[in-house]
Each structure stands twice: as structure tokens, then as C-alpha cells.
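J.: What follows is a structure written as C-alpha cells; I'll ask about it next.
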Amino acid sequence: MKIINSYILKESRGPIVLSVSIFTFIFLLDIIVTMMESIIVKGISVFDVTRLLSFYVPPILTQTLPLGLFVGIMITFSKFTRSSEAIAMNSIGMDIRAILKPILYLGFASMFFILFLQESIIPRSYIKLQYLASKIAYENPVFQLKERTFMNNLENYSLYIDKVGRDKHAKGILIFENDKKSTFPVVLAGHEAYWRDSSIVLEKANFISFDEKGVRKLTGSFEDKRVELQAYFSDLKIKVKETEMMSIATLLQEMKGKTKEEKLIYKVELHRKLALPFSSVMLSVLGVLLSIGHQRSGKKAGILVGILTIFFYISLLNVGIVLANVGKIPILLGVWLPNLLLAALTYRLYLVKKRKGI
């Protein structure tokens with residue numbers, strides 16, 4: 001039996017790796033599109049973009065690993081059914097329980113690996129992601145600029161840029177320098193500008209200041225004018241929720257001293273971190289039960305049920321988390337109901353296979 005168990009695990013390896021890779025790529029797609037814009041338009045190096053993406057992978061893996069495991073196992077056991085290997089296993093005395101044994105090992109290994117990611121790798125990835133994002137923002141401020149958009153979230157300044165070229169030089173720049181002592185801002189206008197560290201340098205800039213009545217008071221020009229924007233560029237927004245990057249221990253620590261309403265998002269995330277690893281065990285077993293059998297006619301039905309299972313599980317889990325976060329439903333119901341339904345379906349199919357044979 002050890003030889004057959006090893007064979008099952010060996011045959012499952014390729015489809016599982018492929019399935020996890022595809023799901024991970026799909027989840028990363030939105031981030032990749034954003035990064036491609038940064039490479040092409042804003043001059044961020046491919047190396048830096050690759051490093052940024054690598055820090056997004058661990059939290060995404062916690063979601064894609066159970067799904068990839070499910071699809072990969074379905075592919076493997078569908079192959080066993082087509083080639084009559086499943087019948088051969090049954091003929092030498094292996095029942096559904098014996099066939100599920102190596103898959104259960106795989107499911108539990110996946111569960112503990114996800115817990116390891118959540119408790120060790122993901123918090124470290126978040127720290128490194130923040131550091132790298134801040135480093136890129138400091139060395140390449142263009143990364144955060146948007147063409148033809150007023151940026152009002154800079155301290156004491158409002159900024160407008162018409163166009164940013166591949167050489168990182170901007171054209172058509174307007175800067176409004178706000179002063180609390182004055183009603184109207186000082187207007188700086190430059191035809192072209194470039195960045196030095198986290199400052200914007202306007203070449204051949206003109207300025208206009210106004211009195212309290214809005215009448216032009218003073219005009220002039222500079223050969224170049226340096227405007228410090230460090231406070232803005234050191235705060236690069238990262239497309240990930242902070243609570244998702246916390247370990248269970250950190251979530252418990254963060255809840256201390258908070259009100260019941262403030263604790264809610266931490267409690268939901270805590271239950272999500274426990275529910276996701278558990279799903280990998282159920283999905284791995286379900287993948288076998290939906291794909292193994294004597295008759296090839298049931299293959300398409302099994303694949304259809306598998307697709308619907310993934311769709312409803314993801315949809316139900318996401319809706320449940322959203323409703324639990326706003327207090328519409330209890331946390332246990334919102335987060336754990338999809339897993340309970342998954343467990344019920346898995347157990348029901350197991351009883352059918354055990355009674356009728358594979």
C-alpha cells in the first residue's frame with residue numbers, strides 16, 4: 001500500500017502545483033496590471049516590481065492553496081478513472097477509505113502550511129513590503145503621481161502635472177503653496193520638472209502671490225525651484241488590508257482595550273484565519289470523491305459539481321465575511337457556514353462511495 005500511496009502523491013504533485021499557480025496568478029492579476037503601468041510609464045525597475053509582487057504572494061497563497069489542491073486532486077483522480085487505475089486499486093482490496101489516506105495527509109500538510117504562512121511568513125512579508133514600497137517611493141517619487149489629476153493630500157501643497165515622460169521628467173506643472181497666514185496660495189508654474197530624492201525641482205519657474213483681497217501682489221521667476229514633498233512620498237499605499245497581514249497572536253493583542261465595535265474586524269479576521277486552513281482538508285477529500293469512479297459518464301457531472309462548489313464556497317465565504325464585519329450576522333455563521341456546508345457535502349459523498357464502492 002505504501003507504494004500506491006507514494007504513486008498517488010507523485011501523480012498529484014504536478015496538477016496541484018499547476019492549479020495553485022493558475023489561481024495565484026488570477027488573484028495577482030489586478031496587482032500585476034498596476035505594476036506593469038509602473039514599469040512602462042513611471043520607470044520602476046522590473047527587479048523592484050518582482051520583489052513587490054513576491055511579498056503579495058504569501059497572503060494570496062492562503063486562499064489559492066485550498067482551491068488549487070481541490071482542482072489538482074480532481075484532475076489526478078479523473079485521470080485514474082479514465083485509465084482504469086481506480087478500478088485496479090479497488091480490485092486489489094483498496095476501498096475509498098484506503099484511497100483517501102494519502103490525500104488526507106496532503107490536506108493536513110496543506111492546513112499546517114497555511115497556518116505557518118499566517119503566523120510566520122505573512123507578518124514578515126508585510127514589514128518587508130512596507131519597507132520596499134517606502135524605499136521605491138523615496139527613490140522614485142514618480143511611482144505615485146497621476147497625470148492630469150490634482151493632488152491635494154500633500155502637506156502645505158497642491159500639485160497638478162500634465163504629463164510624466166519615460167525619462168521621469170514632468171511637463172506642465174502647477175504647484176499651489178498654501179500658507180495659513182494668507183487667504184490665497186502662492187502659485188508656482190513650471191514648463192518642466194524633475195525629481196531629486198523626494199523633492200520636485202521646477203526649471204525656469206514663475207510664481208505669483210496675492211494679497212488678502214485676491215489681487216496680484218508679486219510676480220517673479222526662478223531658474224530652478226526645489227519643493228520638498230518627502231512627507232507625501234514616504235507614505236506609499238499598499239493594496240492589502242493590514243489585518244490580513246497580522247498573525248493570530250497579533251490580532252489578539254490588537255483587540256485589547258478596544259470597544260466591542262472596534263474588536264469586530266479583528267474577530268472576523270481571526271475566525272477567517274482558522275477557517276481557511278480547515279477548508280483545505282475538506283476540499284482535498286471532496287476532490288477525490290467527485291472525480292473517482294467506475295463509469296466515465298459521470299466525469300463531466302463531477303467537474304461541473306466541482307466548479308459550482310468552488311464558486312459557491314468563495315461567494316458564500318466573502319459575503320459572510322462582509323456581513324459579519326458590519327455586524328449583520330454572527331461571526332460564526334458568516335465565516336464558518338461555508339466550511340460546515342463543505343463538510344456536510346464531503347461526508348455525504350463519502351457515505352455514498354463507501355456504500356456503493358468507488
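Cβ atoms here come from the backbone N, Cα and C positions, even for glycine.
Caution: TrEMBL annotation is automatic and unverified by curators.
What you are looking at is a predicted structure, and each value in this text was computed from that prediction instead of being measured.
Below, the features straight out of TrEMBL:
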type     : residues : note
TRANSMEM : 16-36    : transmembrane segment
TRANSMEM : 56-77    : transmembrane segment
TRANSMEM : 98-117   : transmembrane segment
TRANSMEM : 274-292  : transmembrane segment
TRANSMEM : 304-323  : transmembrane segment
TRANSMEM : 329-350  : transmembrane segment
J.: Who are the long-range neighbours of the transmembrane segment (329-350) in its own chain, taking Cβ under 8 Å and residues 6 or more past its ends?
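T.: For the transmembrane segment (329-350), the nonlocal Cβ contacts are 96, 100, 264, 267-268, 271-272, 275, 278-279, 282-283, 285-286, 289-290, 309, 312-313, 316-317, 319-321, 323.
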J.: Excluding the flanking five residues on each side, which residues at least 6 beyond the ends of the transmembrane segment (304-323) place their CB within less than 8 Å of a CB in that stretch?
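T.: Distant Cβ neighbours of the transmembrane segment (304-323) are 67, 70-71, 74, 268, 272, 275, 279, 283, 286-287, 290-291, 329, 333-335, 337-338, 341-342, 345.
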J.: With a Cβ cut-off under 8 Å, give me the same-chain residues at least six positions beyond the ends of the transmembrane segment (274-292) that come close to it.
T.: 62-63, 65-67, 69-78, 80-81, 86, 96, 99-100, 103-104, 106-108, 110-112, 114-115, 118, 248, 299, 302-303, 305-306, 309, 313, 317, 335-336, 338-339, 342-343, 345-346, 349-350, 353, 358
J.: The transmembrane segment (56-77): which same-chain residues, six or more beyond its ends, come within Cβ distance under 8 Å?
T.: 8, 11-12, 14-24, 27-28, 31, 86, 103, 106-107, 110, 113-114, 117-118, 121-122, 125, 129, 239-240, 244-245, 276-277, 279-280, 283-284, 286-288, 290-292, 302-303, 306, 309-310, 314
J.: Which residues of the same chain, at least 6 past either end of the transmembrane segment (98-117), have a Cβ under 8 Å from a Cβ in it?
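T.: Non-local partners: 1, 5-6, 8-9, 12, 58-59, 61-62, 65-66, 69, 73, 86, 89, 276-278, 280-285, 287-288, 292, 350, 358.
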